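Participant: Submitted below is the structure of interest, expressed as structure tokens.
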Amino acid sequence: RAVAMSVSHSSRLNKLVREQYMRLPQDGKVQVTYVWIDGSGEGVRCKSRTLDKEPKSIEDVPEWNFDGSSTAQAEGSNSDMFLVPVCMFKDPFCLDPNKLVLCEVLKYNRKPAETNLRHTCKKVMDLVKDSHPWFGMEQEYTLLGINGHPYGWPDNGFPGPQGPYYCGVGADKVYGRDIVESHYKACLYAGVKICGTNAEVMPSQWEFQVGPCEGIEMGDHLWMARFILHRVCEDFGVVATLDPKPMTGNWNGAGCHTNYSTEEMRREGGLKHIEAAIEKLSKRHDYHICVYDPRGGRDNSRRLTGHHETSNIFEFSAGVANRGASIRIPRQVGQDGYGYFEDRRPAANCDPYAVTEAIMRTTVLNETGVETKDYADH
């Protein structure tokens with residue numbers, strides 16, 4: 001007996017009919033889809049417009065606006081918000097020459113919206129550019145049916161315990177690989193710096209990695225990879241959640257492990273610079289926990305329990321090849337004496353701009369305590 005999958009109604013529309021229209025010529029016109037972060041700090045929104053010719057650079061894409069009162073970013077009496085294009089990608093859904101454009105959001109007075117964390121991140125990255133900071137972020141996520149239940153799990157029960165699912169193969173171990181592979185190809189086509197993917201420890205949980213990216217590019221590429229993921233899932237009729245602990249109980253949570261190095265860490269003898277950076281991080285644990293999820297650490301408190309390959313949220317720890325530590329130094333880096341380290345604390349729903357900015361403030365700009373410096377006048 002066939003089991004009805006919990007997928008959206010729109011995913012069941014005839015896609016062959018859609019393809020008939022997608023093949024129509026555009027007469028030199030170009031569709032540009034503007035993508036931005038909404039008032040939740042987690043969700044992405046988009047809308048499209050027509051340009052008379054293909055934009056060759058981000059400067060060719062005009063500013064636009066939207067109704068901020070409908071995205072929890074403004075009041076209805078003064079709702080227009082500015083969309084400022086910052087990074088352009090090829091559109092894997094409508095195909096080249098059409099574009100996806102990531103935007104910063106500015107308020108009516110041209111000041112950054114509250115969830116526009118790119119603005120200060122860019123200032124900090126400009127300050128530290130001589131350090132050439134490289135990042136690679138490992139985005140974990142969970143596939144859900146439209147009913148909110150993990151995709152592929154029994155309707156009234158649970159799959160077998162964790163063990164066979166991580167990097168698994170086989171219909172009884174892996175759920176939703178079609179989505180994962182479609183997302184990977186779409187990111188490659190778009191020009192997102194996606195560098196890998198794998199099935200995770202909890203069934204229906206997956207991970208993709210973006211990087212290495214230098215400076216502000218990390219946040220730009222991860223946000224666009226997230227948008228493409230949600231858009232691919234929409235076509236398949238399922239939902240991707242970045243909740244750090246989507247299932248309570250003896251199941252792994254979802255993080256966004258952040259790999260980081262500066263130029264001096266990547267050189268011969270760089271291990272001493274890695275250890276110095278970790279020492280700085282150890283003295284600012286509370287500050288980092290506050291910015292590593294959108295709710296000041298409350299989301300991460302459900303995940304960072306000291307179990308299921310996590311550290312305890314209240315304690316800072318570091319170790320070589322230790323996945324139960326706040327900071328992990330890869331074994332190869334310990335042997336080579338140079339390379340990078342991994343901050344395992346960021347939650348799956350973190351803002352990569354906030355995470356990368358915080359790491360630079362602490363390890364390169366030598367900030368301490370819970371307050372941050374305003375470098376606007378420097």
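Heads up, the Cβ atoms here are built off N, Cα and C, so glycines get one too.
Sequence annotations record features per position, and here TrEMBL assigns domain 'GS beta-grasp' to 30-110. Here TrEMBL flags 117-378 as domain 'GS catalytic'.
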Participant: Please count the residues of the domain 'GS beta-grasp' (30-110) that DSSP assigns to helix (H, G, I), strand (E, B) and coil.
Facilitator: 9 helix, 39 strand, 33 coil
Participant: For the domain 'GS catalytic' (117-378), what's the model's average pLDDT?
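Facilitator: Overall, the domain 'GS catalytic' (117-378) comes to a mean pLDDT of 96.
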